[in-house]
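Report on the structure given below.
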Amino acid sequence: MTAKFRILVLNGPNLNLLGKREPGIYGAATLDDIVGRLQQLAAELDVELTHKQSNAEYELVDTIHQAMGTVDFILINPAAFTHTSVAIRDALLGVAIPFIEIHLSNVHAREPFRHHSFLSDVAKGVICGLGADGYEFALTAAVRHLERSSNN
């Protein structure tokens, strides 16, 4: 049976170090833990979920381009690229796939340079400060958005 929706999860630089890097800020869960929980939830929701993590901006841009016509929604934690990447913003706008921006920490309670996002104003929504649970909330919200859109 074909999945109801296809959702792409993108994770940016240094997220491969989750569980080791600053656990007081980012939590103890590894990226594999987070993606595993997401895969379980996706199966329950009848969603096909694919994941990519990269420390290279161009790889994330290429993956976004390749998603056109094959993905219904994107969940993205751009990490440090949040504050610097016009290229990722333009790629997301170019493919016109709705997306939710995710951050493990509350970026607004951190250093001032982390307060600006190049993506937030064009995202369907932003989830920050809820740790690894934010990914699951984002997946659930994406599915609800897609269900509402397909019923109209």
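Using the three backbone atoms N, Cα and C, a Cβ is placed for every residue, glycine included.
Positions annotated as active site, proton acceptor by Swiss-Prot, on the basis of sequence analysis: Y26. Marked as active site, proton donor by Swiss-Prot: H103. Annotation source Swiss-Prot lists substrate binding site at N77, H83, D90, L104, S105, R114, citing sequence analysis. The site 'Transition state stabilizer' annotation in Swiss-Prot covers R21.
For the pair N77 (substrate binding site) and the residue listed as 'active site, proton donor', the Cα-Cα distance reads 6 Å. In this structure, the CA atom of H103 (active site, proton donor) is 12 Å away from the CA atom of H83 (substrate binding site). Straight-line distance linking the Cα atoms of R21 (site 'Transition state stabilizer') and L104 (substrate binding site), rounded to a whole number, equals 12 Å.
Under DSSP, H83 (substrate binding site) is assigned to a helix (H, G or I) in the three-state scheme. For the binding-site residues N77, S105, counting C-beta atoms within 10 A of each C-beta gives the highest total at N77.
It is R21, among the recorded positions R21, H83, whose Cβ has the fewest other Cβ atoms within 10 Å in the structure shown. Sparsest Cβ environment among the recorded positions D90, H103 (other Cβ atoms counted within 10 Å): D90.
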